[in-house]
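Trainee: Take this structure first; my questions come after.
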Amino acid sequence: MKKINKKRLVICALSIVILIAIIAIAIRIPIIKQLLNLIFISFIIAYGLKPLYTLLIRRGANKRAASALIVVGLLVLILLVFIVVIPSIFRESLSIKRVINDLGNYLINAKTKIKVLSTNKIMDSIINTIYYKSNAQILLILNKLLDFIMGLGENILTYMVSPLIIYYFLCDSENMINKTLIIFPPESRNVIKKIIDDIDKVLGRYIMSQLILCGIITVATFLILMFMKVDFPLILALINGIFNIIPYFGPIFGLIPIILIALLESPKIALYTTIWIFALQQIEGSLLSPKIIGESISMHPLTVILLLMIGGAVGGILGMILAVPLGVVIKVIYEDLNYYLF
């Protein structure tokens, strides 16, 4: 392929970096942050539905008909979720305040029992420090979870626009990309288009595989918690499924609230539940993840861990979720630029 002007391509790359920096600053404005969240969620869902869209196109459906059919199916699914799942989540969330109080009492009792075993002043100081810090963190997490659940109802009208955005993402994505290419010099457009196609291929495969894994883990966790008769099975299953998106650390984050809630039932139930969830995580890590995700990201584990640490420092849990896909995008851009420039 004909080599392109390196200077202009570098200018284009710098322009993209500046644009990303502007967006990063703009998301600190609440209304812009909410809008970008809506677009981001719609984008992820559209990516997850893209294989179905491609299948319908191959079967002879035109782009708009395929997109409309998928969106109608999505709306039916959302309606079923509202009828079946959402009421259960809100019923469970009403009891979370009680659980917060119960958990506080449990920690007080545990602290008292441990202090009885120790007369050493240093050990007593350590126990007090652990108690107060863990108590504050646990209550903070549970309160944030409650605020998030209640916030779902407040933002429901905003997210009703999502199916419309998904429709245009599916049927007009190619047109959007072509219009975006106008900002680049004519001689570099083919290369930029190739880079976008490569990103689309790798990122699409990664997002789709993660959505499948998230669904499997959520359903399996729900069944385990129902079997063990642990409170809030639906909420805890959703939390575990979402956290599972984060490599390495995610399963640990998802397991912590499950153990805490199970402890309120009994230490025995907490132990058996932990064993079941741990077994599920081993199956996911050893069998499901390699099979479904495969080599879609082709990153060294150390690189992934560094990305997660940076993402966590910059954006918390959301930053950790976005760290790997953003790393995948940067990796593809670097490899393609390296190929075309050198």
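Placement of Cβ uses the backbone N, Cα and C atoms for every residue, glycine included.
Below are the features I grabbed from TrEMBL:
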type     : residues : note
TRANSMEM : 9-29     : transmembrane segment
TRANSMEM : 35-56    : transmembrane segment
TRANSMEM : 68-90    : transmembrane segment
TRANSMEM : 148-170  : transmembrane segment
TRANSMEM : 211-228  : transmembrane segment
TRANSMEM : 234-264  : transmembrane segment
TRANSMEM : 304-334  : transmembrane segment
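Quick one: where do these features end up spatially?
Mentor: Outside the transmembrane segment (211-228), and at least 6 residues removed from its termini, the chain residues within Cβ reach (under 8 Å) are 44, 48, 234, 236-238, 240-242, 244-245, 254, 258, 262, 269, 272-273, 276-277, 280, 284, 288-289, 292-293.
Same-chain neighbours of the transmembrane segment (304-334): 13, 195, 198-199, 202-203, 206-207, 243, 245-250, 253, 297-298, counting only residues six or more beyond its ends whose CB sits under 8 Å from a CB of the stretch.
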